Amino acid sequence: MGPSNEHSSGHRNNFDLLRLFAACQVMFSHAWNWLHLGDPLNGTWVFDLLFSAPGVAIFFLISGFLVTDSYIRSSSAASFFVKRSLRIFPALFVNIAVMELALLVTGGLNVTGILQYLFYFTVYILTAARIWAVYFTYEPYTMSGFYGASDPSGVLWTLTVELTFYLTLPMLLEIWRRWKRAGALVVAVAALGSWVMAQHFNITDKYNPFLSVTAGPTFWIFSMGVLARLYWHRVSKIFEGKLLWWLATHLAITWWVAGTSAAFISINNAAPVDAFRIAVLAGLVLSAAHSLPRPNLLRRQDLSYGIYLYHMLVMHTLIAIGWVGHWWLWIVEPVGTVALAALSWALIEQPAMKLRTSLVARRLSVA
């Protein structure tokens, strides 16, 4: 998951609402499995609806659209990377620091040397990938203590993927800027190659812990948003004001596959039926973003990133205490997560975004 705050069409869209929906879908789907809250509902229409719109896929789709828009409107690649960095890293730094501190005070972290650990921590922050930090430095975790062998997060891999999207996209868009048709073809070919790679992982049942957290096997989802933004002037009529049509199509397909193995959309397997359903979901997301826009409904309070960052820390804390399977966890988990997300927004994310706005304005005034 990667947060975005640039909006096309003068901010007249529902992307903030959709990111919040995606974050909540991820939180509730994890509560369903990890806290065993959904066990009585497995195989029901509630299961089919919840898992028919995977939040991670929605994040990637929205990110493809908005990050492409951000790059196109940026004065330079450096400006683009500064904006992205100020949106991603401040909240990520605090989130990882909180988790590491929680592990340290509960016996799950063994700091054998300050410099060695600082190197590890730096790699962890810059990549959002604990597995990469461990590989390039050392293993500081005891796999014991309050949290046991569990990673208090476990969701940051999507940010690692998102960061590789940010590194890949400028190269593709520079080709598109110079040669429109060739650039679009390159994006499409890259998307096809990404889908083939994901299919290879699925068919061979092989999981590469390093390649799997890059743009490689998931760029095909991100590219749907990229191509939609590049050709929005041509395709917008397919989506704007067509929310009911796209929703009806999505629900009809969900009903058709209900009760089968295809009811659960997996972005990791990328089977043809999953790819088709994600393409339909992309249409639904783009239509929902540009139908009946309510840009001020959230009053410019974007909690989606914080919910994504902290929901698993709250969940693993509940599991470590021994609270699983209780109906009231449907309340405790979201309330605890939203409280932390609100703090993250007010104390970290919003000030960082104001700094970003100030830096961009200062650069424009100098220019």
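For all residues, glycine too, the Cβ spot is worked out from N, Cα and C.
Values in this document were obtained by computation on a predicted structure and should not be read as measured data.
Quick look at what Swiss-Prot lists:
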- 15-37: transmembrane segment (TRANSMEM)
- 46-66: transmembrane segment (TRANSMEM)
- 88-108: transmembrane segment (TRANSMEM)
- 109-129: transmembrane segment (TRANSMEM)
- 155-175: transmembrane segment (TRANSMEM)
- 183-203: transmembrane segment (TRANSMEM)
- 208-228: transmembrane segment (TRANSMEM)
- 245-265: transmembrane segment (TRANSMEM)
- 270-290: transmembrane segment (TRANSMEM)
- 312-332: transmembrane segment (TRANSMEM)
- 335-355: transmembrane segment (TRANSMEM)
Can you tell me which parts of the same chain pack against the transmembrane segment (183-203), counting only residues 6+ beyond its ends and a CB-CB cutoff under 8 A?
168, 172-173, 175-177, 211-212, 215-220, 223-224, 226-227, 230-231, 268-271, 275
Per the Cβ filter (under 8 Å) with a sequence gap of at least 6 from its ends, the transmembrane segment (312-332) is approached by 30-31, 34-37, 39, 95, 98-99, 102, 146-148, 150-155, 340
Recorded stretches the transmembrane segment (208-228) and the transmembrane segment (46-66) touching, at least 3 CB pairs under 8 Å:
yes
Same-chain residues at least 6 beyond the ends of the transmembrane segment (245-265) with CB under 8 Å of its CB atoms are 43, 45, 47-49, 51-54, 57, 239, 271, 273-274, 277-278, 280-281, 283-284, 287-288
If you count CB pairs under 8 A between the transmembrane segment (335-355) and each of 15-37, 88-108, 270-290, the winner is 88-108
Tertiary contacts of the transmembrane segment (15-37) (same chain, 6+ residues out, Cβ under 8 Å):
1, 3-4, 7, 47, 50-51, 53-56, 58-59, 62, 65-66, 155, 285, 288-289, 294-295, 297-298, 302-305, 307-308, 311-312, 315-316, 318-319, 323-325, 327, 329-330, 333-334, 337
Give the nonlocal contacts of the transmembrane segment (270-290) in its own chain as ranges (CB under 8 Å, at least six residues past its ends).
9, 13-15, 18, 52-53, 57-58, 61-62, 65, 195, 198-199, 201-202, 217, 220-221, 224-225, 228, 236, 238-243, 245-247, 249-250, 253, 257, 262
